[in-house]
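**Student:** Please see the structure below; I have some questions.
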Amino acid sequence: MSLSITHEKSLIDNYIWILFDKSKAIVIDPGESEKIINFLDKNNLTLEFIFLTHGHCDHTKGVFSLKEKFPNASLFVPIGLELGLGESIIKEGDELNLLNSTFNVLELPGHTDNHIGIMYKDNLFCGDVLFSAGCGRVGSNYKDMYLSLKKIKSMDDKTKIYFSHEYTLDNLKFAHYIDPKNKNIINYIEVFKEKPDTVSAPTTLLLEKEINPFLRLSENIDIKNKINNEFDAFVYLRKLKDKFNSI
C-alpha cells in the first residue's frame with residue numbers, strides 16, 4: 001500500500017512534505033511546526049519520522065517544536081548536521097523501512113556540502129538541489145552541484161520531483177531568456193499567467209528535461225560565449241541566474 005503525499009506551505013515559498021498512512025506520518029524539511037501539528041491533529045496522525053535534507057533554518061526550524069510534541073519521532077539528518085535532538089545520521093546507500101515502505105538515501109551535495117535527497121518509490125524529495133525550471137544556489141562548489149544534477153537527470157523520466165520552494169515562475173522567466181524559442185517554456189509560463197497561485201510541485205523529470213536549462217546543458221552548450229563543455233556551461237548559467245533579476 002502506498003503512502004499518501006501532501007504538503008503544507010511554509011514561510012514565504014517553502015513546501016513541507018508529509019507522507020502518511022491511516023495513523024502515522026513522516027515529515028520532510030519542517031521549516032515551521034504549527035501548520036504541521038494542525039494537519040497531524042486534524043487527521044489523527046502521529047508523527048513517527050522526520051527527514052532533513054540539509055541544515056538551512058527554513059528547512060529545520062520547526063523540528064524543535066515537533067520533537068517536543070512528538071518526542072518519540074525519529075529524526076534523520078545528513079552527515080555533519082548536529083541539532084542535539086538524538087538525530088540519526090543517514091548517507092548515500094542507506095535503505096530505511098518506515099511505515100512498511102522503503103526509503104533510499106542519495107547524497108546530493110552542491111547547495112550545501114552535505115545535502116541529501118530521499119527516494120520513495122518513484123518520488124524524489126530533493127530539498128534545494130533541483131527546482132522546476134531551475135536549481136538551487138551553489139553553497140559548496142559548482143562541481144558538486146553539477147554532478148548532483150547529473151545524478152538526478154540519470155533517473156527514470158517518470159520520477160516525480162518534490163522540491164522545497166515555489167520558484168517556478170521566476171525560474172521560467174530565466175529559462176525563457178536563455179531559450180526563447182522553447183515552446184514548452186512558453187506554454188508553462190502561460191499556465192502561471194492564468195493561475196498565478198499554481199502549485200508546480202511535484203514536477204516530473206521528463207518535464208524538467210524539456211524546460212530546465214540546468215538539465216539542458218547540451219542544448220545550451222554554445223550560449224553567449226561559445227562554451228564547449230557541459231560543466232563550464234553549468235557554471236556560466238548558474239552565475240548568470242544569480243544576477244538575473246538585475247539584468
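The backbone N, Cα and C atoms fix where each Cβ goes, and this holds for glycine too.
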**Student:** Among D41, D122, D128, which residue shares the Zn(2+) 1 site with H54, H56, H111 according to Swiss-Prot?
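**Tutor:** So, going by the record in Swiss-Prot, that would be D128.
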**Student:** Say Swiss-Prot lists D58, H59, D128 as binding Zn(2+) 2: which of H165, H176 is in the same site, per that record?
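**Tutor:** Matched candidate out of H165, H176, per Swiss-Prot for Zn(2+) 2 with D58, H59, D128: H165.
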**Student:** Using the CB centroid of H54, H56, H111, D128 as the Zn(2+) 1 site centre, which other residues of the same chain sit with their CB within 8 A?
**Tutor:** T53, G55, H59, T112, H115, G127, V129, G136, G139, S164
**Student:** Ten-angstrom check, please: count other Cβ atoms within 10 Å of the Cβ of H165 (Zn(2+) 2 binding site), all chains counted.
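**Tutor:** I count 22 other Cβ atoms within 10 Å of it.
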**Student:** Under DSSP, is H56 (Zn(2+) 1 binding site) part of a helix or a strand, or is it coil?
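**Tutor:** DSSP assigns H56 (Zn(2+) 1 binding site) to coil.
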**Student:** Pop the Cα-Cα gap between H165 (Zn(2+) 2 binding site) and H111 (Zn(2+) 1 binding site) into the table, whole Å please.
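**Tutor:** Approximately 13 Å lies between the Cα of H111 (Zn(2+) 1 binding site) and that of H165 (Zn(2+) 2 binding site).
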